[in-house]
Each structure stands twice: as C-alpha cells, then as structure tokens.
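Asker: Checked Swiss-Prot, it gives:
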type	residues	note
BINDING	Phe51, Ile52, Ile53, Gln54, His55, Tyr113, Arg117, Thr254	substrate binding site
BINDING	His240	heme binding site
Amino acid sequence: MPVDKNLRDLEPGIHTDLEGRLTYGGYLRLDQLLSAQQPLSEPAHHDEMLFIIQHQTSELWLKLLAHELRAAIVHLQRDEVWQCRKVLARSKQVLRQLTEQWSVLETLTPSEYMGFRDVLGPSSGFQSLQYRYIEFLLGNKNPQMLQVFAYDPAGQARLREVLEAPSLYEEFLRYLARFGHAIPQQYQARDWTAAHVADDTLRPVFERIYENTDRYWREYSLCEDLVDVETQFQLWRFRHMRTVMRVIGFKRGTGGSSGVGFLQQALALTFFPELFDVRTSVGVDNRPPQGSADAGKR
C-alpha cells in the first residue's frame, strides 16, 4: 500500500479500544521503569541521565545473563547438551551487547563526569550484586565479596547460595565424568566456595577431547562455547577498564578501590583455565625424542 503525503493510515485491525486491557506500557511496567531515572545533582546535570541509564540497562542485561547461565547449569545437570548450547549462545550475545554498550558511556568526558561525580558518594559498580552473582556462577568464587553486601541480608543470602553451589564449569566437569572421562573424584564433591584454579590433572581429559573432536564432538562443542563465553566476558572487563581510564584516568574509584589498577587485576582472573591451557599442548608430542636421556625411562 503506497504512503500518501508522508502519512501512514491506521489499518482497520489495529486495536485502539485499550481501556482496561493489557497494553505495551502496562506489560513492561514502563511507568515504573521510566520513572527510575532520578538524577541527584542540583540542578540536574545533563550528563547524569546518561550515567544512570548506562548502569540501569547494564543491570537489566545482567539479569538476563544470570537467567541464561542458571538455565545452562540445569541443562548440564540433565545432560541436555543442545539446550545448554542454545542458552550459552544467547549468553554470548548478551555479553556482546554489554561490551558494545560501553561506547555510549565513552562519550562522557572527564569534565562532564566531574560535574556530578560527587553526588555518587561511596556507591560503585563494584557493589553490583548481579555482577558478583554471575562471576560466582562462572566460577570466580571469592567469599570475601560477601562482606560488601552486609547492608543487604537478602542479597547476601542470594550470593551465598550460588557461592556454595557448583559453578557452570564444575557442572561441566561432572557432566564429563558421567560420560566416561577421567575427571578426578574431587570434582564430584569439594568446597564449592573456593575458586577453581588451573589443575594439571584435567589437562589429559581436554587433550583427549581436542585431539579426537569427531569422537567427542558434543564435549568439544561445549568446550568451545565456554571459551566463547569467557572471551566475551574478558572483552567486557577490558572495555570497562578502558572506559574508566578514559573518563577518570587513574583517580580512585568512588567505592574506594584503586580504580583502573583494580580493574586491570580482574583481567588476570579466569573461569575455565584448562580450556585455554590445552591449546598449548594440542598436537604437540610431549614424549622425549628418541635417544634422549629420558627416552628409556617412560
């Protein structure tokens, strides 16, 4: 149907009798959502709205990411590989969205930010319960982080629950054990509150998978999905650190951290270390060469 005079007529079937019925705004509770942006600067600094919306939308994406990662864990517990891969694929896209979102905040200049930074007080993204929840789901367990949420007993309890449960990676290791891979017994039951650290006893398991991809295609595909998730998460961390550096330089963070230096430390944290370590040894013959002093000792 052509458009006349740059106007588009309402089609006869479009609902206009919406009194008392479910509407778009009602379903999404937009009255509540769009009234949650309340600048504290007086008079309201123009750029504080950007700062608020950046972080509020990040929290919405984090809520979805946590939802998907919890589902991935349940699918692994049920040996539902394809369903797990589906939600991991969505998780990767959510992380990509979170990463690209930093480009909006990067338009905030140092002088603009300093125009309202004081009103933030001690509040900081470091206090994001959902971010910490996701780190715990992925395996970056750290009981010390519970101290930050002492002011919020309900939130602290939520964090403690995921801290004390197997992470996504630990459930993956248990899945591998159920399918005959030589996963050490300690991964069936251990202190789940401790962060997973690189374990050389797991390397042969992943070497076997990566050197026999046709035979272990399901396991291999899940490994690569997890690598994708960690890679995208690290890109998000990196983009966060660079955005902070761009906006405040090397000032201390509002939450009391060293700022950029503290964020740089996060880049050294890893979720699935063996999935990266195995890349060094895949296809490499680690046996001593013939004629070497060690050749006859094997």
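For all residues, glycine too, the Cβ spot is worked out from N, Cα and C.
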Asker: Work out how many Å separate Gln54 (substrate binding site) and His240 (heme binding site) at their Cα atoms, rounded off.
Answerer: 12
Asker: The record names Phe51, Ile52, Ile53, Gln54, His55, Tyr113, Arg117, Thr254 as the residues that bind substrate; what is their largest Cα to Cα distance in Å?
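Answerer: Comparing all Cα pairs, the maximum is 18 Å.
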Asker: For each of Phe51, Tyr113, count the other CB atoms within 10 A of its CB; which of these binding-site residues has the top count?
Answerer: Phe51
Asker: Of His55, Tyr113, Thr254, which is closest to the residue listed as 'heme binding site' if I measure between C-alpha atoms? They're all binding-site residues.
Answerer: His55
Asker: Within 10 Å of the Cβ of Arg117 (substrate binding site), how many other Cβ atoms are there?
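Answerer: If we count other Cβ atoms within 10 Å of Arg117 (substrate binding site), we arrive at 18.
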Asker: Once near-sequence residues are set aside, which residues in the chain of His55 (substrate binding site), 6 or more away, have Cβ atoms under 8 Å from its Cβ?
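Answerer: Once residues fewer than 6 apart are set aside, His55 (substrate binding site) is near Gly125.
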Asker: Using a Cβ-Cβ cut-off under 8 angstroms and a sequence gap of six or more, which residues of the chain neighbour Thr254 (substrate binding site)?
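Answerer: Once residues fewer than 6 apart are set aside, Thr254 (substrate binding site) is near Arg117, Leu120, Gly121, Pro122, Ser123, Ser124.
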Asker: Under 8 Å Cβ-Cβ from Ile53 (substrate binding site), six or more apart in the same chain: what's there?
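Answerer: Those within reach of Ile53 (substrate binding site), by Cβ under 8 Å and sequence separation of 6 or more, are Gln37.
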Asker: Taking every protein chain shown into account, which of the binding-site residues Ile52, Gln54, His240 has the largest tally of Cβ atoms within 10 Å of its Cβ?
Answerer: His240
